[in-house]
Amino acid sequence: MDDFISISLLSLAMLVGCYVAGIIPLAVNFSEERLKLVTVLGAGLLCGTALAVIVPEGVHALYEDILEGKHHQASETHNVIASDKAAEKSVVHEHEHSHDHTQLHAYIGVSLVLGFVFMLLVDQIGNSHVHSTDDPEAARSSNSKITTTLGLVVHAAADGVALGAAASTSQTSVQLIVFVAIMLHKAPAAFGLVSFLMHAGLERNRIRKHLLVFALAAPVMSMVTYLGLSKSSKEALSEVNATGVAMLFSAGTFLYVATVHVLPEVGGIGHSHKPDATGGRGLSRLEVAALVLGCLIPLILSVGHQH
């Protein structure tokens, strides 16, 4: 019951924090130039968050269980076995250790690639409905907005699964670490999403709806995961390090959205095929500085979180 109360409070805090962070660009009236600058900053936040926060946290969650398990196993072995068996046991232990590490390396790559490929397929399915329209440029732009929101919602849902799986372990420290990691990138992601949608010309009411769906995805999925897991499922999940796998899958979706949609849209790359179009001029020095700053902010926050 205590776990249920804690997961409920964490979910509520996640919803409110994410929505408030996303409302900031809507609450302030920006000029055209300022809006572009904020959008570029938001794009930097998305990229920096994917690379500096989500991937390391996912890898950490994946390895933490194994390292803790090895620590307990080693101490038990030390207490139980006789000294003449110690050398033999340590050889077996070393072999198991390297085997586990090989498995974990595979988990990291597979989870990231699956997340990226999943979003790629979603994007292509969306694009297949676009080619039949009269104005492919406008249709592609509209599709880009939907895919960006969908990608971030899928990512947030995977975050929710990670938090729900963490809550099911009944370890408060694990729950808090996963919660802080999620909040560190959900707030910048909400800001980045809203500024991108504003730049893309979506009406404010629709932006609020997109933001609400994004803000709800993680809390709802964390509750569903927590309530839907039976005791045997929880044990199976802890065996395969579900928290780490879910976070790395969501990192793959996040990377796709940040690099394939948001950055090209902001830089005007690939959306205009005419040589004289203004969209292909690239970024000004100030915009590049904002992009770099956006990439560095999550890195600084994550370094502060680790210490």
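Cβ atoms here come from the backbone N, Cα and C positions, even for glycine.
Using a Cβ-Cβ cut-off under 8 Å and counting only residues 6 or more beyond its ends in the same chain, the transmembrane segment (4-24) has close neighbours at 163-164, 167, 172, 175, 179, 182-183, 186-191, 193-194, 211-212, 214-216, 218-220, 222-223, 226. Swiss-Prot lists 4-24 (among others) with the feature transmembrane segment, giving sequence analysis as the kind of evidence.
For Asn29 (N-linked glycosylation site), the Cβ neighbour count at a 10 Å cut-off comes to 7, with all displayed protein chains included. Under the heading N-linked glycosylation site, Swiss-Prot lists Asn29 (among others).
Sequence-distant contacts of the transmembrane segment (35-55) (same chain, six or more residues past either end, CB-CB distance under 8 Å): 25, 112, 181, 184-185, 188-189, 191-196, 198-199, 247-248, 250-251, 254-255, 257-259, 262-263, 266, 283, 286-287, 290-299, 301-302. Taken from Swiss-Prot, the feature transmembrane segment applies to 35-55 (among others).
The transmembrane segment annotation in Swiss-Prot covers 106-126 (among others). A Cβ distance under 8 Å defines the sequence-distant neighbours of the transmembrane segment (106-126), meaning residues of its chain 6+ beyond its ends; these are 55, 58-59, 62, 143, 146-147, 150-151, 154-155, 158, 241, 244-245, 248-257, 260.
What Swiss-Prot lists as transmembrane segment is 146-166 (among others), and the listing cites sequence analysis.
Through the fold, the transmembrane segment (176-196) approaches residues 10, 13-14, 17-19, 21-26, 35, 38-39, 41-43, 45-46, 48-50, 53-54, 57, 61, 145, 148-149, 152, 155-156, 159, 162-163, 166, 207, 210-211, 214-215, 218, 243, 247, 254, 262, 265-266, 294, 297-298, 301-302, 305 of its own chain, all at least 6 residues removed from its boundaries and within a Cβ separation under 8 Å. The annotation transmembrane segment is assigned in Swiss-Prot to 176-196 (among others).
Counting same-chain residues at least six beyond the ends of the transmembrane segment (210-230), those with a Cβ under 8 angstroms from any Cβ of the stretch are 3-4, 7-8, 10-12, 14-15, 18-19, 22-23, 145, 149, 152-154, 156-161, 163-165, 167-168, 182, 186, 189-190, 193-194, 197, 202, 237. Residues or ranges marked as transmembrane segment by Swiss-Prot: 210-230 (among others).
Marked as N-linked glycosylation site by Swiss-Prot: Asn241 (among others).
Per Swiss-Prot, transmembrane segment is recorded for 244-264 (among others). Within the chain carrying the transmembrane segment (244-264), a Cβ under 8 angstroms from the stretch's Cβ atoms is held by residues 42-43, 46-47, 49-51, 54-55, 57-65, 107-108, 111-120, 123, 144, 147-148, 151-152, 154-159, 161-162, 165, 178, 181, 185, 189, 192, 196, 270-271, all 6 or more beyond its ends.
Swiss-Prot lists 286-306 (among others) with the feature transmembrane segment, giving sequence analysis as the kind of evidence.
Counting residues 6+ beyond its ends, the transmembrane segment (146-166) has Cβ neighbours under 8 Å at 7, 10-11, 14, 61, 115, 118-119, 122-123, 126, 174-175, 177-179, 182, 186, 189, 193, 196-197, 210, 213-215, 217-226, 229, 237, 242-244, 246-247, 249-251, 253-254, 256-257, 261-262 in the same chain.
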